[in-house]
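Here is what TrEMBL records for this protein:
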{"type": "ACT_SITE", "residues": "99", "note": "active site, proton donor"}
{"type": "ACT_SITE", "residues": "170", "note": "active site, proton acceptor"}
{"type": "BINDING", "residues": "152, 407, 451", "note": "(S)-malate binding site"}
{"type": "BINDING", "residues": "242, 243, 266", "note": "divalent metal cation binding site"}
{"type": "DOMAIN", "residues": "76-257", "note": "domain 'Malic enzyme N-terminal'"}
{"type": "DOMAIN", "residues": "267-520", "note": "domain 'Malic enzyme NAD-binding'"}
């Protein structure tokens, strides 16, 4: 039983317009009488379950994914609990709508579909006043912030202020999949301008009409933001950097990783979910991590982040120095295979992957030269795993592991149908965005989805519930380990290397427990005493979207 605040309960009209409390036709007769709702609603009283069926029926009538996205965002603005109940109960159907791939299109068109503000927009106009801006947000107990500057939205490039769709989408998943309270989540877009000429000339663009700030101006602005967040919310608020360009993403993680509780999902979350998939895949193809050879197409945040976590886990398993483990991992960027001869001209985050080898100009030649057992795409370029590439890796592997991870769907390195057809049904295959099952030679192949949504909601819950003050790489390994353990024999029989999303809250609870356990073990957890059963504690911490009864 919940007692409504005076602000809300003073007027039934206000109550219906507050998404945190609005239940629509589910208000009982007694609630309607007590909270001045008589006459403001039709006389019928319905259940939350009936409302859910009705909304899902309506959403399914829309032909375009963007229409479904807008319907879901409208629901979130009207009735928060019903929005999350819908998302939790229909996660496999709605996840591609509220997140990738549809959120990419939503960001591209954000200026046109924008109706009500969600989250905080902090632009260069607010320089020197960022702390004041944070105080304008009505909630005080913030546990998770997702922040972007919009420079590298998915595989779509610089979308400036319109990148807000990403923090909003990610935080809705923190709640639906990880159980973090909606009121404890804060989406933020830092508007430092955009270099996207199309947006700058678009009359509906909602951001600053200027080129991006760089150098010291950018660094000072970010530093003020990070200091203001810590001052306003304390050091136990998790700050997730999202869709920053490579050069800034690595610098921000290095600069603030020792002073703030920070996490970059593009680098660390992607790495953790891919490592989990690889550990699970080994049960299908055999061998240990160290016995395989890895070739990446793409050497940015995601590629180097995944590579580093694989090397770290390999080093942990074999007790071998990490520099030796890195030699099993090769990366191809836009100029070809990363080799020692190129070291002087490489960006700092690529240098650890420059190994002794002759220069190789393209992916196909690299596949034939390196003969990888695992091929991973993080290039952001669609159709780069060509028929020749897939046939080549399949010629020297009985079961090649192929991960086409770039988002959205249009940027995937190859489709599921292509991977299974060109490998003659032998590939162990997963993607970043969802693909339908494929029939090849009478057998149904179900592609896995290496979606970060497996990791970051549970990871965030584990950090929050343990009161962690820093993120450590071992916590990412703990998250990977927990996810890999959730893949059942039934999943393996279908060729899946990830569990179904229908079990995501159970999966998130196990990930949160593993992450929290590691935080306690490393002395990074501040919440005392440590709960005896961390899985049960994680489940007890999760937000429930079931309607409350109001007195």
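Cβ coordinates come from backbone N, Cα and C, glycine included.
Each residue contributes its Cα atom, and for residue 407 ((S)-malate binding site) and residue 242 (divalent metal cation binding site) these two points are 14 Å apart. Of the recorded residues, residue 170 (active site, proton acceptor) and residue 242 (divalent metal cation binding site) place their C-alpha atoms 9 Å from one another. In sequence order, 241, 242, 243, 244, 249, 301, 302, 305 make up the list of same-chain residues 6 or more apart from residue 266 (divalent metal cation binding site) whose Cβ falls under 8 Å from its Cβ. Each residue contributes its Cα atom, and for residue 152 ((S)-malate binding site) and residue 99 (active site, proton donor) these two points are 16 Å apart.
Fewest other C-beta atoms within 10 angstroms, among the recorded positions 152, 170, are seen around 152.
For the pair the residue listed as 'active site, proton donor' and residue 451 ((S)-malate binding site), the Cα-Cα distance reads 10 Å. Confidence over the domain 'Malic enzyme N-terminal' (76-257), given as mean pLDDT on the 0 to 100 scale, stands at 95. Within 10 Å of the C-beta of residue 242 (divalent metal cation binding site) we count 30 further C-beta atoms, all protein chains included. For the (S)-malate site, whose annotated binding residues are 152, 407, 451, the maximal Cα to Cα separation is 18 Å. Residue environment of residue 451 ((S)-malate binding site) contains 26 other Cβ atoms, counted within 10 Å of its Cβ in all protein chains.
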